Amino acid sequence: MAGVFRQLCLLILTPACYDEFFVEFNFLHVPCLKAALSKGLGLAIVGGAILVKVPQILKIVGARSGQGISIIGTILELLAIGFNVSYSFVNRYPFSSYGDGVFLLIQTAIIGALVFFYGGSAKKGILFFITVLSTITFLCSGSVSLKILWMLQASNIPIVFAGKMVQAVANYKNGSTGQLSAITVTMLFFGSAARIFTSIQETGDQIIILTYMVATVANGTLLAQLIYYWNVKPKGKKD
């Protein structure tokens with residue numbers, strides 16, 4: 001039983017921190033507390049990411065429309081997520097520090113495909129999804145040098161901001177947030193904010209930390225728009 005408990009604890013704690021807590025009984029060891037909080041928070045974010053965009057997908061399918069979803073913004077978001085996942089994977093960072101990106105990538109690709117599908121082009125939707133998966137597989141294969149991956153990760157800063165701002169401008173022009181899901185946007189905002197802390201603790205990579213800071217500001221902008229346009233119906237809908 002003690003062995004099982006230790007193995008479960010080691011999902012979050014390092015062996016040294018396990019000894020610090022459960023051998024020395026020093027539960028106030030600050031570095032280990034911060035590391036445990038970061039790892040636990042990172043795993044929680046990864047777990048939450050499994051379903052984070054499902055409300056958005058269901059909303060599009062339910063309405064049989066991708067109205068209000070910017071395909072350009074979606075593509076930019078996919079580039080940002082893909083660059084981050086491939087850069088972190090090749091650097092062999094802990095899965096808890098970037099695993100949410102894997103699930104976000106798949107779900108965002110589905111959203112993009114659905115926008116094409118309900119826009120009247122099923123073939124484009126299928127091709128879009130296959131292209132996304134093929135590209136991320138290539139980037140993670142080791143065929144791309146780490147220097148180039150670093151440059152792609154650095155480019156995430158303007159890409160993340162531009163992608164969200166394209167959606168924000170579309171919301172402003174439409175006078176509503178369309179089929180944008182409040183649940184998804186809220187979870188993305190708090191997730192990116194939490195990622196600032198976990199990235200500091202688990203990777204210390206300044207370019208990743210800065211990327212999540214920008215993402216938090218951008219996600220916060222969309223969240224503010226959702227609140228502002230809360231009672232506004234998408235164009236074309238009648239009571």
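Backbone N, Cα and C atoms are what each Cβ position is placed from, and that goes for glycine too.
For 35-54 (among others), the entry in TrEMBL reads transmembrane segment.
TrEMBL lists 66-89 (among others) with the feature transmembrane segment. Here the transmembrane segment (66-89) has long-range neighbours at 60, 97-98, 101-102, 104-105, 108-109, 111-112, 114-116, 118-119, 132, 135-136, 139-140, 144, 149-150, 152-153, 155-156, 159-160, 162-164, 166-167, 170-171, 174, 176-180, 203, 208, 211, 215, 234-236, meaning same-chain residues at least 6 beyond its ends whose C-beta is under 8 angstroms from one of its own.
Same-chain residues lying 6 or more positions outside the transmembrane segment (101-119) and placing a CB less than 8 Å from one of its CB atoms are 46, 49-50, 52-54, 56-57, 60-61, 64-66, 69, 71, 74-75, 77-78, 81-82, 84-85, 88, 125-126, 128-129, 132-133, 136. The transmembrane segment annotation in TrEMBL covers 101-119 (among others).
For 126-150 (among others), the entry in TrEMBL reads transmembrane segment.
Sequence annotations record features per position, and here TrEMBL assigns transmembrane segment to 180-197 (among others).
Under the heading transmembrane segment, TrEMBL lists 209-230 (among others).
The transmembrane segment (180-197) shares the most Cβ pairs under 8 Å with 209-230, out of the stretches 35-54, 126-150, 209-230. Counting same-chain residues at least six beyond the ends of the transmembrane segment (209-230), those with a Cβ under 8 angstroms from any Cβ of the stretch are 80, 84, 153, 156-157, 160-161, 163-165, 167-168, 171-172, 175-177, 180, 182, 185-186, 188-189, 192-193, 195-196, 199-200, 203.
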